[in-house]
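J.: Under the heading transmembrane segment, TrEMBL lists A:16-37, A:71-88, A:100-121, A:127-146, A:158-179, A:203-221, A:247-268, A:288-311, A:318-335.
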Ligand SMILES: Nc1ncnc2c1ncn2[C@@H]1O[C@H](COP(=O)(O)OP(=O)(O)O)[C@@H](O)[C@H]1O
Ligand SMILES: [Mg+2]
């Protein structure tokens, strides 16, 4: 029997599977490139030999102590920021929301700056704590600011509050750095957004935080899809809208805090990736979030590889590359009719 | 409990007080929604019709009193169980940009799914049935925001129907539609009500539509229920004058039977929307 609706629904389903498969393949290629390319190119055969621990001391050292951690961190940070951006856009019903716009990034940065300035902690794992506290503080503050007066926080009010608070928090962090040269120095490479110069063992704690946030995000997809229809409809469908919102905020805080702690603020990724995924897959969080989880690490691994070769011997922090790639994409998205603002 | 007492209706409010923050909308209100019947709520703007639907559907916590669904306090039941039993189409529903009709209808299946369950054949069948009933099958792949007002409203109705709840609460489903679309939608609700025995409650503005389609009419004014019963009993010239401030003649509908209201002229603006300047101290 001919069944147009079922056929289409089925087609979109299998298209999604295809897209996921293609993206996974793309990610594998990007990872291979990231391991190969840099100030010294390592041939694929040497990578395999190096990874299996055979022969070639030099390549093994380069891979295990330098490129592998760096690639792994780019993957974890990419997953974190892609997921966080998608959650933020769902939460605020604002296709242009991202952790940066809502001040969460700035909160995490301020947390880290304070920690660096007071000399409390300097290792990546311990930096996650002030980053998380800062991210949580910013999120809660934005929510409170946006919901003063009557009624719940609307997307527009949240965005305005986020931009304003983000500016204030960044200002404070900048002032702290300018008053204290040593803080400035220690903060510099971190703040530019870099996935370089960290070791794998530093990543474990961060990866666990990101994993928690990502699993939480996957559990929230269907409720978020219902919340997208408006709070009344969602509640009448049996969704606990308040719990959904709270868990979303917790997930975003975990993801952004963890990513910022290890890589510094990386702009535009969380904004750009989910937005592109929405254009590709439609306005459905059960598709946007999983796609973002693949596209964002893909973009970040590639950006980091490019950052390594763009100016030979002087590695450009990846945050700067994503900004350079992200800003034009953002302008393109906003200028066209491609933005489905409400 | 005695057997001779008629069975209480599945959905009823028992002396509820409805309020937003510190603003009380209605006090000590009791109502039984008759099972399997088509109930229409009418009343002037701002009299609390939407608030009553929100209270009956557990969206608004009552200040005092209890809403019972199947004899159980609706706020003590699991949200998802209530949603499987009772569907609501709110007054202002806006679809997310770009979402298709099929996708919208699909989201009505939320109460039937759990975190780990996958999209089932049963879910698929329910969505197909809902699209067929609303005659939206052909438009299933179209974005909702590109549809006409009538089609868009049908897409939302498909979403509520996909929910497969036995009670439907519809808040002004026909407002903003032209008369042909109003009637086709009301015909659909009447058919769902008579064919499947779904208890249906709809807020309508057109009193003649209420008279034509309702088994029971609930008339609200200032947060109170001032009349509740079959159209012939409820729609009297006295009541229309009291509640809506219109002078009306009630005749027998020559086409469909039942009462038909012809307004003569306006005697006064209902108090709920009248300027209160004179009352100021
Ligand atoms: N969220 C709200 N907060 C405060 N007051 C509200 C809210 N919603 C409605 N009201 C007020 O409650 C009264 C009843 O509103 P409503 O139930 O929407 O009336 P109706 O649906 O009959 O037009 C109105 O005076 C309205 O201003
Ligand atoms: Mg209303």
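Cβ coordinates come from backbone N, Cα and C, glycine included.
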J.: Out of A:71-88, A:100-121, A:127-146, A:288-311, which stretch has the largest tally of CB pairs under 8 angstroms to the transmembrane segment (A:16-37)?
T.: A:288-311
J.: Please work out which recorded stretch in A:71-88, A:100-121, A:127-146, A:247-268 has the most C-beta pairs separated by under 8 angstroms from the transmembrane segment (A:203-221)?
T.: A:247-268
J.: When only pairs 6 or more apart in sequence are counted, do the transmembrane segment (A:71-88) and the transmembrane segment (A:127-146) reach 3 or more Cβ pairs under 8 Å?
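T.: As far as Cβ distances go (cut-off 8 Å, pairs 6 or more apart), the transmembrane segment (A:71-88) and the transmembrane segment (A:127-146) do not touch.
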J.: I need to check the long-range neighbours of the transmembrane segment (A:127-146): which residues 6 or more away from its ends have a CB within less than 8 Å of a CB in the stretch?
T.: 99, 102-112, 114-115, 120-121, 153-154, 157-158, 160-162, 164-166, 169, 205-206, 209, 249, 252-254, 256-258, 260-262
